[in-house]
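Visitor: This is the structure I have questions about; it appears just below.
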Amino acid sequence: MKLSAAVLCALVSVQAAVLLLATVPSAQAKELEVGYYSKKCKGVENVVKWHVIRALKANRRTGAALVRLLFHDCFVRGCDGSVLLDASSDNPHPEKKAPVNIGLAAFELLEEIKAAVEKRCPGVVSCSDILIYAARDAASALSNGHVHFDVPAGRLDGFVSKAEEAQAELPDSTHDVQQLIDNFARKNFTVEELVILTGAHSIGQGHCSSFRGRLSEPSSQITPAYRDLLNYKCSQGSDPPVDNNVRDEDYGVVARFTPGFTSRVRKIPDFLDNSFYHNNLAKIVTFHSDWTLLTHKEAFGHVVEYRDNGTLWDEDFSDSLLKLSKLPMPAGSKGEIRKKCSVVNHRLY
């Protein structure tokens with residue numbers, strides 16, 4: 001029987017796809033290890049760090065964006081770089097399009113790092129590992145070296161990225177404390193670790209749409225002067241970003257609305273430390289999910305604990321970031337080493 005050229009091409013395409021699927025490694029096939037690239041791509045961590053430090057010198061805000069990306073990637077489908085994927089005709093709604101992921105940034109920096117690493121070691125280092133390295137280095141830089149940990153590597157980049165999964169899996173800024181506890185418990189994180197990781201809100205920014213309800217909460221939940229400050233900031237645009245930490249605000253704005261906090265204002269923003277806990281107990285935090293930690297006995301105790309011991313928070317935050325970075329992809333997932341972080345190498349469907 002003779003086959004048309006079109007049929008032959010289709011058969012070849014199917015066979016190629018089957019062969020590709022057979023050769024794509026399982027993401028669960030190997031254990032992560034510190035120094036994974038010591039022989040595979042010598043010096044890769046130094047390459048990542050150089051780019052991160054250079055980026056932070058140009059714009060310190062990039063560091064907070066990298067730390068946030070680590071959480072928003074790993075909490076959905078494990079640490080697989082799925083949050084880095086752009087929309088495509090095959091997948092018009094990837095994770096980064098989810099409302100809960102509003103304001104995610106630093107994607108261009110990660111592509112820059114990936115290009116440099118590919119030039120050095122083609123097809124060896126995953127985007128997911130690069131993201132973890134970069135976030136670790138950013139956290140270290142923003143904390144003056146107080147937050148640090150060795151990164152076990154060997155991750156693969158995933159193929160799946162869905163906005164609806166991100167929206168369902170990530171904690172929301174409007175959640176009450178029990179919703180947060182349940183959300184973190186699904187990822188095997190304790191109440192204490194929830195409080196520890198929330199301490200990252202000492203840096204970065206949030207959009208007004210993420211705390212709109214906070215603007216009308218009673219004085220028992222938010223200091224009225226700070227509420228007035230937030231209302232003023234949110235009136236400056238349709239959905240402007242606002243600093244998470246009052247000390248990173250413009251001095252004139254703080255002097256106008258909360259003059260008692262002018263001594264906290266810093267010329268250099270985004271210093272990663274335990275100031276979130278001081279702010280929360282003073283009820284000058286942006287998100288409802290921040291304040292709600294004070295309504296739970298155990299969580300409240302940890303807020304007080306980390307307010308009083310910044311060194312302990314540095315150590316515990318480092319450990320919690322490390323634990324976060326080890327969250328695995330779903331069982332049976334396949335992965336690859338992407339050539340670019342924003343697109344998969346091959347279409348599997």
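Placed from the backbone N, Cα and C atoms, the Cβ positions cover glycine too.
Automatic, uncurated: that is what TrEMBL annotation is.
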Visitor: Which of these links to Cys79 by a disulfide bond in TrEMBL: Cys41, Cys74?
Guide: Cys74
Visitor: Could you pull the disulfide partner of Cys341 out of Cys127, Cys208, Cys234, going by TrEMBL?
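Guide: Among Cys127, Cys208, Cys234, the cysteine that TrEMBL links to Cys341 by a disulfide bond is Cys127.
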Visitor: Please list, in sequence order, every residue of the chain apart from Asp73, Val76, Gly78, Asp80, Ser82, Glu95 whose Cβ lies within 8 Å of the Cβ centroid of the Ca(2+) 1 site.
Guide: His72, Cys74, Phe75, Arg77, Cys79, Gly81, Val83, Gly158, Ser161, Ala166, Met329
Visitor: Could you measure between Ser82 (Ca(2+) 1 binding site) and Cys121 (disulfide bond) for me? Cα positions, answer in whole angstrom.
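Guide: Distance (Cα to Cα, whole Å): 22 Å.
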Visitor: With Cβ-Cβ distance below 8 Å and at least 6 positions apart along the chain, what are the contacts of Cys121 (disulfide bond)? List them in sequence order.
Guide: Tyr37, Lys40, Cys41, Val44
Visitor: Would you mind reading off the Cα separation of Asp73 (Ca(2+) 1 binding site) from Cys127 (disulfide bond), to the nearest angstrom?
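Guide: The Cα atom of Asp73 (Ca(2+) 1 binding site) is 11 Å away from the Cα atom of Cys127 (disulfide bond).
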Visitor: Could you round the CA separation between Cys208 (disulfide bond) and Glu95 (Ca(2+) 1 binding site) to a whole angstrom and send it over?
Guide: 20
